[in-house]
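If you check Swiss-Prot, you get these features:
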- HIS30: site 'Important for tRNA non-discrimination' (SITE)
- GLY82: site 'Important for tRNA non-discrimination' (SITE)
- GLU174, ARG220, HIS458, ARG499: L-aspartate binding site (BINDING)
- 198-201: region 'Aspartate' (REGION)
- ARG220, ASP221, GLU222, GLN229, GLU492, GLY544, ILE545, ASP546, ARG547: ATP binding site (BINDING)
Amino acid sequence: MLKTHSCALTQENVGTEVTLAGWVHRRRDHGGVIFIDLRDREGIVQVIFNPEQSAACLDIGKELRSEYVLQVKGVVSHRPAGTENNRMPSGMVEVVAVNAKILNAAKTPPFYINEEVEVDESLRLKYRYLDIRRQGMKNNLIIRHKAVRFMREFLNDQGFIEIETPILIKSTPEGARDYLVPSRLFPGKFFALPQSPQQLKQLLMVAGMEKYYQVARCFRDEDLRADRQPEFTQLDMEMSFVDEEDMMKLMEDLFTGLVANVRPDMKYNKKFPRISFADAMEKYGCDKPDLRFGMELADITDIGASSAFGVFKNVAAQGGAIKAISAPGCGGYNKSQQEELINLAKKYGAAGLVPISLGVENGVLKDLTMEMVKSVAAKYLALEEIKTIAERSGAKPGDLILIVAGARKMVNTVLGEMRNQLAVKLNLCDKNELSFAFVVDFPLFQWDEEGKRWDSVHHPFTAPLESDMPLMDTDPGRVGSRAYDVVCNGYEIAGGSIRIHQADLQRKVFHLLGYNDEQIDERFGHLLEAFEFGAPPHGGVAPGIDRFVMLLAGETSIREVISFPKNQAAQDLLFGAPSVVDDKQIKDLHIRIQAEKE
């Protein structure tokens, strides 16, 4: 080894002769004595090049620049009194160099490595190997390593077996587009990269493995967001002879144990509340609510229906919904700020937004007067009606009530989005808190109005509630599913369900989704045949590793916790991928590139 110790030295190392190797983090010349901060993965330590100790070392010290790779030998000493640095773990000690060797020089980096400054993301991704040298990125990857290590150890202790499944599989589209791989040996035929190992892990249950997991790489050719990538990693799990309670207990223990092990400084709830899908949509406007703050959606349809406000009366008469949320402390918003909120509501599909300001002074609701109320709706609403709206939405004097009216689904979506965005704007979220919950009682199917057909809410392998089975023939939209999601801070971090394990029921679900028997046998025949050889009851779940590590690291994009991610256009800026390939490679695959028509 070219080093005997890491740079994470402490007072326990005083008097020890060490050989260190790393990168020059900073260099300072103090009148003939040169100080450098030497950095490796574990830490940073100050090294002194003093001519009284070694003139040759000083000459090398004069050559050093930021990011040079350096090996240095010396003795660990206490820093002189008054020169200690309490901001560094190694700030009480220094290394007096007696020998040094430049292992490699370095060009000037395109951005500062030694300062946590904002850098354009495209530049960071192009020079990702330099970006990872920065402390924030390095810490994120270490958190990821610790999280995955804990997951493996936890599941191993629970009797799970880690089994790898194929990356090249058959295309059986499950929602998003597949990434296709043309076969050279079978012209005109294609493999697909797995969107998840769903069918494979179910087949492992048929095979009698009972408890399976893997850290699975998955691929989806879909539009990107801050929390999505074309390739992503999930902790894939499946168990035989379990029900929902077993799986939810496993998830609760896994996530709480993981946080306690990897980020014990974070606040988190050890028991996960359970929220029905319907309640989540009605109270929070989405099926992955952020529970770190209130601002629940309040239904005021009855008040609007009996009020003198024509807009509200018409919506209520047509069977629509009228709902409100309270923006705390925003009663003083001016016309421009309120207009910004109105435009935000319109962006998400609302025809408009009705703000009601309860004045600028904080107070209690019983003291509210009409003189304090400012709104275009004020002349149509009585004071008692406004107080009731405020009471339901949790508003008080000094707050701003925001009301949306229209189709219930749209109202929930708009106010749910506004709730989340206002929480960020108003700093209502504790970044050091993880608020877990289970979302349950999902419907099995949802109606696709555009395609005029039923779709799976989760995926077609999710089992229906046994009590709802008769409804599959008469009213599929009312069939409940045995699905369970884990949500945290506004993200779905794990989705799971008890699976269908009977061939006839699975075929029936496929029929409801619009597949005919020929399509079913061609795409899923292998699974249905396996179910005929004694498939056990089974269930599973798949926590998204990228997304949960993002929350553990306090980041807002999964790109911050992936070593070499794609950008938001699904491009790899470091390697320049996707790229043009050699014509011979295309010919060998028996395919032809068709230029897009302008």
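Each residue, glycine too, has its Cβ placed from N, Cα and C.
HIS458 (L-aspartate binding site) sits 12 Å from GLU492 (ATP binding site), counting Cα to Cα. In the three-state DSSP scheme, ARG220 (L-aspartate binding site) falls into the coil class. The Cα atom of GLU492 (ATP binding site) lies nearest to that of ARG220, taking the recorded positions HIS30, GLY82, ARG220, ARG499 as the candidates. Following the DSSP three-state reduction, the secondary structure of HIS30 (site 'Important for tRNA non-discrimination') is strand. Using Cα positions, the member of the recorded positions HIS30, GLY82, ARG220, ARG499 nearest to ILE545 (ATP binding site) is identified as ARG220. Here the Cα atom of ARG499 (L-aspartate binding site) is found 69 Å from that of HIS30 (site 'Important for tRNA non-discrimination'). Around the Cβ of GLU222 (ATP binding site), the same chain contributes ALA176, ARG177, ARG228, PRO230, each under 8 angstroms and 6 or more positions distant in sequence. Minimal Cβ crowding within 10 Å, among the recorded positions GLY82, HIS458, GLU492, is found at GLY82. Among ARG220, ASP221, GLU222, GLN229, GLU492, GLY544, ILE545, ASP546, ARG547, the residues given in the record as binding ATP, the maximal Cα to Cα distance rounds to 19 Å.
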